[in-house]
Amino acid sequence: MGKTIGLTGSVATGKSTVSSMIQQAGIPLVDADIAARKVVEPGTEGLKEIVAYFGEEILLADGTLNRAKLGKIIFKDKEKREKLNEITHPRVKEYMLEARERFFRAGEELVFFDIPLLFESHLESLVDQIIVVWTTPETELKRLMERNNLTKEEALARINSQIGIDEKAKKADFVINNNESLEKTQKQVYTFIERFVKNK
């Protein structure tokens, strides 16, 4: 059995950049956000359960999930948010574990799980080690304001809805400092990968 590495960070710390670097290095990566979309595609049991609970009006004309509408509903209603998580989370977990199993059967020795809310969702047990992509909170705030065109207050509200990046870094087995150049970030990514995969 190979090793599973959890990749996480906070909003605008650069996790997507590191995720791309890992894939460019030829290492398999299973993305929780993609899994979350797959398990509610038309024809899935996940979507059927969502429609049964939220009603047909949660669908777009083409039968796909109206994510914007659903997002507004669950943002305001804790009970409905918990119900959605109850429907989707076990399916996302199953999707990711099945994908990992396929990679291991194909002879891969290292698989990354890209999970934005790894700590918040208490999914540490799915992985052998955890990488946190870190920047200073000041850099995180600046990047988020620029990237999403947000006010300082809006950006802080998003950042504060998650566990702080410094706290996540303390829980990590390995921290990638993404506060400087992309070259320095890439060097850290490759250094980590080389610890596990000698022939890549």
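Using the three backbone atoms N, Cα and C, a Cβ is placed for every residue, glycine included.
According to Swiss-Prot, the feature domain 'DPCK' maps to 4-200, an assignment based on sequence analysis. Residues or ranges marked as ATP binding site by Swiss-Prot on the basis of sequence analysis: Ala12, Thr13, Gly14, Lys15, Ser16, Thr17.
The DSSP secondary structure for Thr13 (ATP binding site) is coil.
The sparsest Cβ neighbourhood within 10 Å, among the listed binding-site residues (Thr13, Thr17), is found at Thr17. Mean pLDDT, taken over the domain 'DPCK' (4-200), works out to 94 on the 0 to 100 scale. The record gives Ala12, Thr13, Gly14, Lys15, Ser16, Thr17 for ATP. Within 8 Å of the mean position of their Cβ atoms, the other Cβ atoms in that chain belong to Gly9, Val18, Val133, Thr135, Asn178.
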